[in-house]
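Here's the structure, in structure tokens; my notes come after.
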Amino acid sequence: MAEQHTGVGRQRGARPWPRPRRVATLSVHTSPLHQPGTGDAGGMNVYILEVARRLAEADVEVEIFTRATSADVPPVVEMMPGVHVRNIISGPLGGLTKEELPGQLCAFTAGVLRAEASRAAGHYDLIHSHYWLSGQVGWLAKERWGVPLVHTAHTLAKVKNAQLAAGDRPEPKARVIGEEQVVAEADRLVANTKTEAGDLIDRYDADPTRVEVVEPGVDLARFTPAAGDRSRAQALARRRLGLPERGYVVAFVGRVQPLKAPDVLIRAAAALRQRDPALAEELTVVVCGGPSGSGLDRPTHLIELAASLGVTDSVRFLPPQTGDDLPALYRAADLVAVPSYNESFGLVALEAQACGTPVVAAAVGGLVTAVRDQVSGVLVDGHDPAVWARTLSRLLPDTGLRATLAQGARRHACNFSWDRTVSGLLEVYGEAVAAYGPQSSELATCSC
């Protein structure tokens, strides 16, 4: 079952809280306008957009501040009524990696402060920053505007550095220090899972009374099992995506980076050829996504890896999928693999399960919450390709087991929804506003 929206060690929801009228959402390094699976766009983009949409439906206006990366995008974009994206010019429009952005935080902060200064006093009731770069901006803005700061880390440097993939670079000390500062200054810290809450408290010395667990959700109307006969629907989905209609398909969906470990799945396919050549002959591995920081570039190193392992004919590479094609990919797959070295939650796992597709995931971080082991999928200890190959060889031929897991996958995913996430966030927002100062008396109250 999904965790409740609870503060660490406390029960909540027993009293009405003031509801903010307007929220300033900070997302320095990635925009909800960007396609997930490309560059630095991923689950955080989905989170920000889905939360903003539902906050607006609850009559809370949201203005999302992000760094401008294209001259073709206007300074302000209305994504929907009540949700605007403000593109702040801070440094060159292109060519900057996420690691280079700290040098542009001053320019970004200036743009945020100028935008607020053009409004009537007290325009924003609360700031919600996402990722440590945004937290640094939110820290200053909260002091200038006199409003509370709610922060969601999404990933934590100390956790990533403790679980580095081979060839991955450690997060720099400057990021660790920056995260420590934001943790100390934020009025509320939103963790995706109890595991992340524990990391904030144990690794960053966060005040437990300011740490709140609010799980992400999934769009249960968009990500659904195929209607009618599953085998026929799966074949149609594969035809739509140009995948083999016969045999087994195991899909990886996400940014192509060492942390996400798509190479583990390719190496597992090679190991399966040694373990069960007949089964391996029927397997197609799909890697869907683009390299971090480079948009839609082809993942050359994975193409070369597949060639060196002799599995080129078993691996298909797809660009990030949009619209109905992403649910179609999940439905086309027999299994979705999430072999990441760390995930604060793992929205891909939740989306796949909502489509009724079992997930094989590494037993790390938030994936332990996102996937219910032996019920909605299988959690694998470690990243040894031989172990992953053994897991695939057990699951793929066993149609009865996969059918049972498919039913459990949808049931498990139904415990999560974005409406539930926003209900929890509104409670956190209300607590933060109520604790911050007398201006909360001017706001509407809600029983979340």
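Glycine is no exception: its Cβ is also placed from the backbone N, Cα and C atoms.
Remember, it's a predicted structure, so these values are computed and weren't measured experimentally.
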Quick check: of Thr300, Thr312, Thr357, which does Swiss-Prot put in the same Mg(2+) site as Tyr330, Arg331, Ala333?
Thr357
Please list, in sequence order, every residue of the chain apart from Tyr330, Arg331, Ala333, Thr357 whose Cβ lies within 8 Å of the Cβ centroid of the Mg(2+) site.
Gln234, Ala237, Ala251, Pro327, Leu329, Ala332, Asp334, Val336, Ala352, Cys355, Gly356
Neighbour count (Cβ, 10 Å) for Arg175 (1D-myo-inositol 3-phosphate binding site)
22
Cα-Cα separation of Tyr330 (Mg(2+) binding site) and Glu351 (UDP-N-acetyl-alpha-D-glucosamine binding site), in Å?
8
Taking the Cβ of Glu343 (UDP-N-acetyl-alpha-D-glucosamine binding site) as centre, how many other Cβ atoms lie within 10 Å?
27
